[in-house]
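Residues or ranges marked as transmembrane segment by TrEMBL: 6-30, 42-60, 80-99, 119-144, 177-201, 213-232, 252-274. Sequence annotations record features per position, and here TrEMBL assigns domain 'G-protein coupled receptors family 1 profile' to 21-267. Annotated region 'Disordered' per TrEMBL: 299-323, in sequence order. TrEMBL lists 307-323 with the feature compositional bias 'Basic and acidic residues'.
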Amino acid sequence: MINHWVLLSAYIITFLIGLPANILAIYAFIRKLRKKPTPTDVLLLNLTLSDLLFLLFLPMKMYEAAAGLQWHLSQTICSIVSFVFFSTIYTSSLLLMAVSIDRYLGVAFPVTYMKFRKLLYATIGSIFIWLFSGAHCTIVFFVVHMGKENSTEPKTTCYENFTDDQKSVVLPVRLEFFVVLCLVPLIICVFCYLNCIWILYHRPRITKEKKQRAIGMALGTLSVFLICFMPYNISHLVGFNTKNSPPWRYYTLLLSTFNTCLDPIIFYFSSSVYRNTTKMSLFRVFSLRRRLGLNTHPNLSVEGDSNSDKAREFDHHNSNTRK
């Protein structure tokens, strides 16, 4: 039995952490695009936009969880929410793959890469990824309304409790999602980052900081795949073999929402602009808290000043005595 309160709590935590982190990221990348952008910046900006689009529709899933996983809105809204929910997940996996390829080419073939390093290619690649993942997930619209004309009872769930006809379409498509949109990108990411780390560690002129950033980015990307994407996509494989969605699928879908919280870790290791923006924002937050603390306790500050004055007078008196 699915505990809808667990789902609701996880959705709220994801929203509260992911939204400010990704807003900070999009602010940093837009600033970078106005100055001297790189293809990686374009890919990371699209990854941020994908996360933000996901987070903007997440309150609809919160509403569903709060209602005990009952869907009280129209099936048209259900299909739109499900389409955005799934397409942004797979857009993120493909964009992470594209970032890993970009990093690998830059490290393994630096001279050739610099000749063909153009923002246009990154932009075209990003558009293709959006269209590719979106085209795959249009199956949602077909499945949600499949057999609707023969149904006499109102649908009370959203993209769940499929009929046999719906399963005959959904389960094979999910298997294709697992292979094309998850397994292949994961294999490519592992290949690219392992080779990047190996190459960097065999170049003596590369600084220790750059090597650590490469490891951090590789671990961040693999964490997103293994924690967020892989369990959910394994449920596709299990569902195809058993001819039914496994009961734990909802919890794996829950894990996939956490990628919006883990992606900023990848941004931190891959973009100096995001690192600097994050540090500056944290510095401002702590400075503001410190000022508010001083304003809240003015007596402490006055008392501290008077104590410091007394200490200075005492030191001055001791120095005169020694003389």
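Using the three backbone atoms N, Cα and C, a Cβ is placed for every residue, glycine included.
Long-range contacts of the transmembrane segment (177-201) within its own chain (CB-CB distance under 8 A, at least 6 residues past either end) are made by residues 90, 93-94, 96-97, 100-101, 103-104, 107-108, 133, 136, 210-211, 214-215, 217-218, 221-222, 225, 229-230, 233-234, 236-237.
If one looks beyond the transmembrane segment (252-274) by at least 6 residues along the same chain, the residues whose Cβ comes under 8 Å of a Cβ in the stretch are 6-7, 10-11, 14, 17-18, 21-22, 24-25, 28-29, 31-32, 40-41, 44, 47-48, 51, 54-55, 58, 89, 92, 96, 99, 103, 213-214, 216-217, 220-221, 223-224, 227-229, 231-232, 234-235.
Residues 89, 92-93, 96, 99-100, 103, 107, 182, 185-186, 189-190, 193-194, 196-197, 200, 249, 252-253, 255-259, 262-263, 265-266, 268-270 of the same chain sit 6 or more residues outside the transmembrane segment (213-232) yet have a Cβ under 8 Å from a Cβ within it. Over the domain 'G-protein coupled receptors family 1 profile' (21-267) the predicted model carries a mean pLDDT of 89.
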